[in-house]
Amino acid sequence: MGEDELAAFEKSINEFGDKFRYRLSDNRSQVLGLKDAFKDSIRALSEKLSLKLKEEERMAEMILEYKNQLCKQNKLIQEKKDNVLKMIAEVKGKGQEVEVLTANIQDLKEEYARKKETISTANKANEERLKRLQKSADLYRDRLGLEIRKIPGDKLQFIFTSIDPKNPESPFMFSLSINEAKEYEVSDCSPHLECLAEFQEKVRKTNNFSAFLANVRKAFIAKVHN
């Protein structure tokens, strides 16, 4: 091989090395950008999921309140009905008074029917909204890899997946309940997180549940990479 051919060969090798290093650097920048975008997406979706969960809790409380109101109305109407029937028995034979009392009973029945219909309509509307919220929660669950289950002991179990890139289906979980002091109580964390107690105290003070979920997920991710 002559000197000119050797020089041309060395030049080709250098050009190939420069192109390879440039592409490697460019690909690394793209990967880092995608990683940051993914983290932002996860954080935003976690916050939306928290809002949906809070709305579900409010809807459940409203439905319970409506049911309690209906029970109270039923009891009140029954008491009034009993009183009216007692009065009818006392004035039996007095046609005019009986007619008045009968009209009162009819009014009470109509009032009860109206209130029952109002509460029933509100319950149906709330149930439909809960279905929509559950559908949204399922969508966020699929995107975030987060599943929420109700387990014995009045607890909710939060199960994260897509944490470990090598094993996306591997579950990372913890349980949550409300103690007698009306505070969040976190337990049964797997794998164990040293920082979980700190996260628990913070969510008790701030009541920012979406931030709590985001912090726990980040801690699980960090544990995998460490």
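From the backbone N, Cα and C atoms, a Cβ is placed for every residue, glycine too.
Taken from Swiss-Prot, the feature coiled coil applies to 89-147.
Neighbours of Ser12 (phosphoserine), defined as other CB atoms within 10 A of its CB across all chains, total 10. The phosphoserine annotation in Swiss-Prot covers Ser12.
The region 'Interaction with the NDC80-NUF2 subcomplex' annotation in Swiss-Prot covers 1-58. Here the region 'Interaction with the NDC80-NUF2 subcomplex' (1-58) has a mean pLDDT of 70 out of 100.
Residues or ranges marked as region 'Interaction with the N-terminus of SPBC24' in Swiss-Prot: 1-146.
Annotated region 'Interaction with the C-terminus of SPBC24' per Swiss-Prot: 147-226, in sequence order, evidence recorded as similarity to another entry.
Remark: secondary structure over the region 'Interaction with the C-terminus of SPBC24' (147-226) totals 28 helix, 25 strand, 27 coil, with classes taken from DSSP.
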